[in-house]
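Heads up, the thing below is written out as structure tokens.
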């Protein structure tokens, strides 16, 4: 007796290799669409953040402690776009890892390190904005270039050390050796982390996030009070002193910068919260999340690396002007670094 139903042949990542992972390919049309969407995100992350870095480093008018933090943040997002997203794109769409076990560990380590670096940068930027808004006249003496350098160093060194410890010592797999062995196959790159380290990861996301929420809540409260005070001062006295006028201008500028970077922080939290919650649920409830849901959460987080330059371009006229000068080749001219980017 023959069956009327034909079963689709099982596809493997490596057809002629024992213990190969099973391949679950998408339809050709969907594969093309996904490559376009994911590829666009990677290109945008690379090009957009490269423009931010070039702008801050080239134009002397942008050489400030706060902007150095922004350039360092853009460097982390640039590295996500160039060293993480392209390989994750192939893994997500082909459902196979074709780049070897050694690079799998390196890729996973870089993925975690650069993303935590972004989070640390944003946390320090929140501190910077809090000082700038609450005490704008004293701010230049408190948040100096050396302080900014210390913040940048911490934002890079701690994530790199932590990620290396997690992915290269094997400590994160303690207690789940059987699960790791069951998931191990040729053509896979699934780094499984035990519940303790997933909880640590969650706290590393939650604590800086809470710090940023508290600081920005205080920032906008102070900004509102300043706006009311300035409005009352102007309406009550037409002959405003030059000092008060200067203080009002400085406060207004810092409030605008805080608002822009506040949007950046919100974008980061919205992008990363689904992924963080998903990994927490999977670790404590037995990996119940469907693969496609995990991929959506993962790429939502990746796309955050491409969003910051778009936010800067929308809110910062100086960044739009810098982009024009860079793309037109004007920065190749002598003395271009001293060009004015701000309209007075």
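Numbers run from 1 along the shown chain.
From the backbone N, Cα and C atoms, a Cβ is placed for every residue, glycine too.
Relative to the membrane, residue 32 and residue 102 occupy the same side according to Swiss-Prot. Looking at 223-245, 292-314, the stretch flagged in Swiss-Prot as transmembrane segment turns out to be 292-314. For the ranges 5-25, 68-88, the feature annotated in Swiss-Prot as transmembrane segment maps to 68-88. Of the two recorded stretches, the transmembrane segment (147-167) lies close to the transmembrane segment (68-88), with three or more CB pairs under 8 Å once pairs fewer than 6 apart in sequence are set aside.
Below 8 angstroms of C-beta separation, residues 66, 69-70, 72-73, 76-77, 79-80, 83-84, 87-88, 97, 151-152, 154-156, 158-160, 162-164, 166-168, 189, 191, 204-205, 208-209, 211-212, 215-216, 219, 261, 264-265, 268, 272, 301, 304-305 of the same chain, each at least six residues beyond the ends of the transmembrane segment (103-127), sit close to that stretch.
If one looks beyond the transmembrane segment (68-88) by at least 6 residues along the same chain, the residues whose Cβ comes under 8 Å of a Cβ in the stretch are 38-39, 41-46, 49-50, 52-53, 56-57, 99, 103, 107, 110-111, 114-115, 117-118, 121-122, 124-125, 128, 145, 148-149, 151-152, 155-156, 298-299, 302, 304-306, 308-309, 312. Residues 12-14, 17-23, 91, 96-99, 101, 104-105, 107-109, 283-284 of the same chain sit 6 or more residues outside the topological domain 'Extracellular' (168-196) yet have a Cβ under 8 Å from a Cβ within it.
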